[in-house]
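Scroll down for the structure; my scribbles are underneath it.
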């Protein structure tokens, strides 16, 4: 948007009112078209419209008459325009979820070819966290109301803590996750 | 020249209509977050005791819809399984090989064992392959409807083949 404004300003600066040459006229038409297209803003299309309208200025005249309105809307500005909160927490959480998923995908063949305590504990951590975040999304989707949300998340946190503790206990005192799967499948 | 005059006049018109809304150029940031907006929606509507319009009960089910909820379902099932396993590890007195031999001694038969392996492998395989499909969507690829169906069928096929293969091991 800022680019649009600055480009139209620079174009406007090029216009010399007294210039009657063909080149000057073309530049003036271009400036006008930029302004028309920016007034008749309709999502991504004005960018395309602008390019094509330079080729067909006659078509623009009709378009000019067709869209006397302009879009007025309340816009959620990006966090950088905010006076107040500018937290990237949600975005980072999303990215973290994807990275963890990929890590878990990579752990599977490693667990098969190199079973052992390192992979066991990594699996315990990755599985628990992946499950915790996944169930957290479900809570966000279906649970509404401040108190209920708090209670659901507290319960989830408790469940995930117990799960991780149990898996670590199993890894330490018992055969471990990789060996357990191996034993189960050998029967 | 006439074009220029017309656009300038329009701009004058635009600024006079500012009270009807915000010109897209001068983006005014809203004072609430999406979360706050959602909370407002739910508190208001639950307070007014408004019924929710039928959605899942009336909308025609499609393969992508079923696969999506199955992804969530398998996720919940697997997570519950892991949590149950962890809880059992903390609570039960004996070790894992002991309980495994206990189940094995009950002599259920090879078909039952193969079926239970299949039953374990199936949700893992489905959730894994559909998870990869989700990651591909996160890259921005494969959103066209034919592509969605195609990738969906590939996931189902891979799931069945992998589950059978794993159960046979």
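Glycine residues also receive a Cβ, built from the backbone N, Cα and C atoms like all the rest.
As the structure is a computational prediction, the values presented were derived from the model and not from experiment.
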Per TrEMBL record, range annotated transmembrane segment [choices A:129-150, A:151-172]: A:151-172
Alpha-carbon distance [residue A:130 (heme b binding site); residue A:142 (ubiquinone binding site)] in Å: 19
Fewest other Cβ within 10 angstroms of its own Cβ, chosen from the binding-site residues A:130, A:142: A:142
